[in-house]
């Protein structure tokens, strides 16, 4: 299992738009991808889950991936977060 | 026979096109439970498949014709539809509670809306709740077999006629085909009106029973300059308005050249035309339209859709972004202005019979220093990144202004002592919205650095009219001689003390008011960005000196109609 921590720096947090893009990115992989924040974990392939967490600015989140393509999955998600301005 | 309908002019321009009615669908659910689970699950799957096909078409459409921002709204809706958890939850309801498919969809929607409501969400414009609601509406439309109105599927030029238009509707517009907008609800200052100004679409709002009187396919003239709609016009009327529309389009072309110019009248008096902004995206529009500053920064956006007050640090970062983006152009920030028609989830306000006359704006700020103080600290800290001015909303008495100012000075001193940088000469002023202040302007002028006339509220209070109430909206008259006298008196009182006066209400961009205001010596005109070049162009053509007799006659007029007639007589440049 691969696991990484991120700090969300964007002012608006993970709102509808970046949530859509993250879910689309995670859904390309076979691995299970999980987003955890303040003790709650959701499937990163579920936009309702991601939006329900209400991740705001300065939130510390953990993303983990489990499966054959876990490393690739996590790299892609990390890259997407940066590209969408969620992380620095 | 043509039929004339009156409404409120919401966005300039003239359009002639057939009507297209957007009728809200009736999605009420009658049957909640059933024994046939498999049938319900099958119906659910069908409705998802149909919804997905539709959304994919809409996505293509929005992407090609409206750009990425509009397409993104649809993209999120597709992601919701594809969400495995959402589908599982709905199917579980059908299996465990014997819900009909539509009732299960409704219950799961309620569940998520409830979750969303309990958390921070500052993405107020296209929030997750709106996205979810739009998806479930679409699913329900298939389950109930009731078609949804679909603005994006319009494929010929037409005027949208609706009770209300939502931001999601506007995001689906095809700009080539939407010729104009007529709504039954809404005042001149509603959210939608501001949207249509941004889209530069001719719009008339508050047309009573518009959706009942106007039928699909009726030919319409929408006169967004005067707030008139003509249904099934005669050939003469069409010709007349085609001429006017042509002149208006010619005028519009001239405006582009004025973008980087200063605002100077024909007789050489310098004015400032600034923008009203509420989000950072508005700043970009303001710069594109050649704003000479920000005359009103509404700070409410920082407080919207969240459970707790924004921290000083969060506010500081936001203000810093605004102030530095405008370089050395002035940014007038208004402290939190809630109450009245603007409510916030996190600041619980008791129900009031008369919210406009109640606990709002600075009254809340002074009573709840835990809201005002962090905001002032954040603003003060942002002041070193550009040219910031601060104003307090809804000041009624000199004591209120002094109190607010004292809090500001106290926080400034504390910050300096704590080692923060704060700009030396931050202008501190107030909104002038209450008639009592206008009457006492000569005294207030001694204490403030500037006034910004909030004409929307001032007119409302002066004529005792609720502009949102359609039965009395006709009394909302910005050109009423009483309003003009008051504005003139305020400008003179301020100038006598060497202070400047701005205006940040809708009146500042009203073409009939601009000649009067400039002749009275109003220093700064602040408005929605799409109006800036039109107003600058008008000021360029007019001489304040030559307009003095007009001011004299207008303030001595008996009625608004007389004032309007006088302005047209003295200002032939106003062709329309």
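In case you wondered, yes, glycine gets a Cβ from its N, Cα and C as well.
TrEMBL entries are annotated by machine, without manual review.
Sequence annotations record features per position, and here TrEMBL assigns active site, tele-phosphohistidine intermediate to B:191. Annotated active site, proton donor per TrEMBL: B:504, in sequence order. Here TrEMBL flags B:298, B:334, B:456, B:457, B:467 as phosphoenolpyruvate binding site. The annotation Mg(2+) binding site is assigned in TrEMBL to B:433, B:457. Positions annotated as domain 'Phosphotransferase system enzyme I N-terminal' by TrEMBL: B:6-128. According to TrEMBL, the domain 'PEP-utilising enzyme mobile' annotation covers B:155-227. Sequence annotations record features per position, and here TrEMBL assigns domain 'PEP-utilising enzyme C-terminal' to B:253-542.
Each of the binding-site residues B:298, B:334 was ranked by the number of other C-beta atoms within 10 Å, and first place falls to B:334.
Listed binding-site residues: B:298, B:334, B:457. Those with a CB under 8 Å from a CB in chain A: none. Secondary structure at residue B:457 (phosphoenolpyruvate binding site), taken from DSSP and collapsed to helix, strand or coil, is helix.
Confidence for the domain 'PEP-utilising enzyme mobile' (B:155-227), expressed as mean pLDDT, is 80. Counting residues per DSSP class in helix, strand and coil order gives 76 helix, 16 strand, 31 coil for the domain 'Phosphotransferase system enzyme I N-terminal' (B:6-128). Annotation: B:504 carries the greatest number of neighbouring Cβ atoms among the recorded positions B:456, B:457, B:467, B:504 [cut-off 10 Å, Cβ to Cβ]. In the shown protein chains, 25 other C-beta atoms lie within 10 A of the C-beta of residue B:433 (Mg(2+) binding site). Residue B:504 (active site, proton donor) and residue B:298 (phosphoenolpyruvate binding site) are 11 Å apart (CA-CA, integer value). When the binding-site residues B:334, B:457, B:467 are screened for a Cα within 10 A of the Cα of residue B:433 (Mg(2+) binding site), the ones that qualify are B:457. For the pair residue B:457 (phosphoenolpyruvate binding site) and the residue listed as 'active site, proton donor', the Cα-Cα distance reads 11 Å. Residue pair the residue listed as 'active site, proton donor' / residue B:467 (phosphoenolpyruvate binding site) shows a Cα separation of 17 Å.
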